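Chemist: Before I ask anything, let me first share the structure, which is written out below as structure tokens.
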Amino acid sequence: MSTGLTPPPQPIKRPPKAVTWIFAIIALIILIAPMSVGFYTDWLWFGEVDFRGVFSKVIVTRIVLFVIFALIAGFVTWLAGYFVTKLRPDEMSAFDTQSPVYQYRQMIENSLRRVMVLIPIFVALLAGLIGQRSWRTVQMWMNGQSFGVSDQQFGHDYGFYAFDLPMLRLVTDSLSMMLIVAFLIALVGHYLMGGIRAGNQMTGQKSFVSRGARTQLAVTAGLWMLVKVAGYWLDRYDLLTKENSTFTGASYTDINAQLPAKIILLVIALFVAIAFFSAIFLKDLRIPGLAVVLMLLSSVIIGAAWPLMLERFSVQPNRAEKEAEYISRNIESTRYAYGITDEDVTYEENWGAGETTNEEVAADSATISNIRLLDPQILSPTFTQQQQLRNFYGFPDQLAMDRFEVDGELRDFVVAARELDPNALQQNQQDWINRHTVYTHGNGFIAAQANQVDEVARDVGSTRGGYPVYTVSDLQSNARAAESEDAEQLGIKVDEPRVYYGPLIASATDGADYAIVGDTGDGPVEYDTDTSSYTYEGAGGVDIGNMVNRAMFALRYQEMNMLLSDRVGSESKILFERDPRSRVEKVAPWLTTDSKTYPTVIDGRIKWIVDGYTTLDSLPYSTRTSLTEATQDAVMPDGTPQPLITDKVGYIRNSVKAVVDAYDGTVELYEFDTEDPVLKAWRGVFPDTVKDESEISDELRAHLRYPEDLFKVQRDMLSKYHVDDSGTFFTNDAFWSVPGDPTAAEGRQELKQPPYYVVAADPETGESSFQLITPFRGLQREYLSAHMSASSDPNTYGEITVRVLPTDSVTQGPKQAQDAMMSSDQVAQDQTLWRGSNDLHNGNLLTLPVGGGEILYVEPIYSQRKDQASAFPKLLRVLVFYKGQVGYAPTIAEALSQVGIDPKAAQDIEEVDGTTTTPSTDETDTDTDQPATETPTAPVSEAEGIAAINDALSNLEAARDGSFEEYGRALDALDRAVDSYQSAQ
């Protein structure tokens with residue numbers, strides 16, 4: 001029988017605690033799983049490269065710091081909350097019960113235990129996560145070294161600023177932040193718990209601070225002021241790294257106003273701390289209040305107004321004299337910090353002031369015979385088309401430079417490893433099995449002598465000539481006696497030409513650069529050559545033969561095929577982290593690596609050489625620089641692409657040379673600066689990870705280069721810090737600048753010209769030397785002011801020479817030389833004619849000191865057909881600029897002769913018919929605007945012409961299935977046959 005009454009709603013049942021715990025555990029696993037997978041696979045990887053000690057030291061240090069910061073921050077937070085609850089009023093007034101915060105007090109008291117746990121845990125976790133990031137600072141402090149150099153103001157060794165001061169700052173900043181959090185908890189907590197009450201005139205409520213609240217807030221504030229006292233003491237040292245408008249370091253105002261102000265404020269802060277502590281015993285808060293007002297007024301008057309007045313009325317009218325001492329300090333410290341002291345740099349003042357004859361220039365065979373014609377920034381497509389072999393091989397966009405001996409003479413070479421390019425795989429090659437188990441490695445080492453090409457290319461339309469002369473060591477050439485002998489004579493014969501590690505291999509756009517290798521029981525499956533397959537036999541790689549490891553990597557790369565594919569067996573390994581630079585950065589997380597890595601051949605194996613830098617954020621009076629900005633140029637408009645420990649540095653050394661084996665990925669770190677205290681500190685942190693400098697083999701040392709990024713940083717510094725006199729430095733009159741690159745693409749010509757590796761005469765001995773060079777122009781002027789070179793030769797490595805040109809005469813700079821060359825009548829005429837069907841590329845504009853006193857500019861011109869998808873750049877012409885004259889010809893010898901330099905030392909280049917061209921100044925017109933003319937084709941009969949055309953067409957058809965080079969030669973033969981036939985009509 002219905003009563004007409006609605007039954008009461010059923011209460012919502014809470015899920016059982018077990019279900020709640022299950023969901024919580026699942027959520028925790030989801031959060032922790034990715035981190036655990038990364039941790040485990042990295043642990044395996046570090047074991048594979050034999051650097052697990054680095055991994056363990058970093059992890060343990062970070063965990064310890066996490067625990068220390070978490071415990072201290074959690075305890076301070078808990079203690080603040082504990083005193084809030086302990087010191088809260090026992091009774092509430094009528095005003096308190098009517099307060100809107102009363103309900104919050106009730107909520108807090110009802111869940112007091114939970115609040116007292118959750119808030120400290122949250123703060124502890126946050127502090128731990130922040131604190132563990134400072135592992136480098138802590139380890140550097142624990143292993144600090146002496147520099148043997150002291151600052152000019154306080155007399156402390158630089159080691160104090162490099163290792164101790166950052167640690168002291170970490171401690172004071174951390175304590176300061178923790179005390180601020182504790183103060184806020186006390187303030188808010190006492191307000192909610194009734195210990196602090198704001199007054200209200202409308203209700204007649206008076207403000208109120210309980211004794212407990214006053215005591216807790218006063219003690220916390222007093223402790224914070226004591227930390228501030230320590231902060232003021234450390235602030236004195238920070239003045240030495242302060243950046244001013246003219247220089248870095250403490251200025252006259254800083255030393256005579258800011259420094260005394262810090263001491264005075266320190267004393268006042270100490271009195272303020274005492275005033276806060278007095279509030280424990282005094283009910284009157286006016287004493288701490290007055291102390292705070294005194295502190296604020298002192299900060300404004302003593303800390304700001306006094307230095308400002310001294311700056312305005314004493315320093316500004318006499319800045320050059322007042323700042324002279326401090327500018328001198330800045331010059332001295334900056335030179336030391338960047339390795340450009342007088343011990344590191346040799347200045348040749350008034351270089352070229354005397355008369356240098358053309359005969360002396362021609363006799364400079366070390367430079368003239370090594371003039372570089374191949375531009376590694378342009379020729380990557382040429383290498384790719386002529387040496388690619390298969391579509392899945394490739395070369396980096398920017399090739400590298402190295403040097404080798406040819407017939408006892410040092411020559412520079414464009415070098416590259418033929419790597420696997422994962423982004424070039426065709427659609428049918430991109431399934432998981434092909435990509436990760438078949439196409440796993442590259443093949444071979446390629447070198448092309450930089451001062452010669454195969455043949456002279458006189459005709460822009462010809463497909464012959466103007467291409468590099470390659471020496472190759474790969475699987476195919478090793479099987480051919482003649483090519484193998486050529487490689488062996490050059491010193492690049494590779495016993496193991498397979499390339500499993502390299503920057504191009506690691507450039508997969510999806511980040512999956514791994515390869516699965518090893519014996520699967522079904523025989524070799526990796527592509528090796530068209531007629532053979534291969535099974536990886538190297539020591540590199542992480543074992544994934546067991547299901548645990550396999551599952552972990554399947555999770556890391558989110559790839560089920562690792563678990564399901566038959567290509568993964570009990571003997572399988574996974575190769576990953578295949579970029580040489582990333583491998584070095586991972587095993588040496590304290591290094592900043594150079595943006596360029598390059599391959600070479602050491603002991604019959606392809607090795608990648610990576611330059612490593614030790615850096616510091618700052619040193620006293622040392623000018624800081626941005627590594628990103630300093631490395632920007634026309635080739636790298638965005639600066640170094642490498643991850644940086646810190647972008648702005650005040651100290652840098654190329655302390656480590658790293659070598660990565662291209663076959664098994666082995667990483668070797670070698671000490672290279674035996675005097676660097678920062679490296680010594682890191683070797684203390686990670687013992688037995690860096691080999692002694694004495695262990696560098698002679699073969700490896702012969703291929704070490706002066707690193708580009710360091711050179712760029714040093715040239716930026718030398719543009720200012722070559723100046724000795726503080727007065728001259730202050731006026732900027734003698735500053736230099738790096739010229740823009742006039743050969744760069746439109747929009748980049750104002751960017752700095754990159755430095756170039758060349759083989760040229762050693763500044764002291766005149767012998768052939770492998771150098772990194774760059775010109776300087778005057779500040780806001782285009783005329784050449786100086787020329788800088790750094791030696792890479794084993795006996796003189798790192799010696800920097802700066803040739804300073806006379807100031808009473810002018811020498812055209814790179815832009816002026818480029819303008820003169822490109823405005824030459826014949827050059828302009830040819831460019832206009834050729835651009836219709838060709839893309840013309842201006843190669844590197846080399847600024848070469850020659851003959852002991854003259855400057856020679858050399859620039860190769862490359863052409864590339866527009867109407868051919870497979871076209872690639874070739875050397876077409878060579879431009880030279882010398883003493884206001886322009887040389888323009890298909891060969892460097894002809895171009896030199898046009899400007900009056902006997903080219904007897906220049907490299908001979910074969911003509912198409914097999915002859916060589918080496919004109920002398922007696923045989924060649926030196927008129928700079930006269931183009932070279934082609935040898936006329938001998939006339940033939942009509943029947944012979946038709947027969948020759950038919951033969952050429954047959955050869956062209958037969959060459960369609962051959963290489964691009966064979967097809968190009970067939971096209972060229974057809975062109976010659978047509979020309980011969982037309983000349984007979």
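Placement of Cβ uses the backbone N, Cα and C atoms for every residue, glycine included.
So Swiss-Prot says this about it:
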- 19-39: transmembrane segment (TRANSMEM)
- 63-83: transmembrane segment (TRANSMEM)
- 115-135: transmembrane segment (TRANSMEM)
- 176-196: transmembrane segment (TRANSMEM)
- 215-235: transmembrane segment (TRANSMEM)
- 262-282: transmembrane segment (TRANSMEM)
- 290-310: transmembrane segment (TRANSMEM)
- 906-944: region 'Disordered' (REGION)
- 929-939: compositional bias 'Low complexity' (COMPBIAS)
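I'm curious about the neighbourhood of these features; can you describe it?
Modeler: Beyond its flanks by at least six residues, the transmembrane segment (63-83) meets 115-116, 119-121, 123-132, 134-135, 138, 174, 178-179, 181-183, 185-186, 189, 212, 216, 220 of its own chain at Cβ-Cβ distances under 8 Å.
Residues 58, 61-63, 65-75, 77-78, 81-82, 85, 108, 170, 174, 178, 181, 185 of the same chain lie 6 or more positions beyond the ends of the transmembrane segment (115-135) yet place their CB under 8 Å from a CB of it.
A Cβ distance under 8 Å defines the sequence-distant neighbours of the transmembrane segment (176-196), meaning residues of its chain 6+ beyond its ends; these are 72-73, 76-77, 79-81, 83-85, 87-89, 92, 96, 101, 104-105, 108, 119, 123, 127, 208-210, 212-213, 216-217, 220-221, 223-224, 227-228, 231.
Residues 214-215, 218-219, 221-223, 225-226, 228-229, 232-233, 235-236, 239, 288, 290-292, 294-295, 298-299, 302-303 of the same chain lie 6 or more positions beyond the ends of the transmembrane segment (262-282) yet place their CB under 8 Å from a CB of it.
Here the transmembrane segment (290-310) has long-range neighbours at 253-254, 256-258, 261-262, 264-265, 268-269, 271-272, 275-276, meaning same-chain residues at least 6 beyond its ends whose C-beta is under 8 angstroms from one of its own.
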Chemist: Residues of the same chain, at least six outside the transmembrane segment (19-39), with any C-beta under 8 angstroms of its C-beta?
Modeler: 59, 552, 555-556
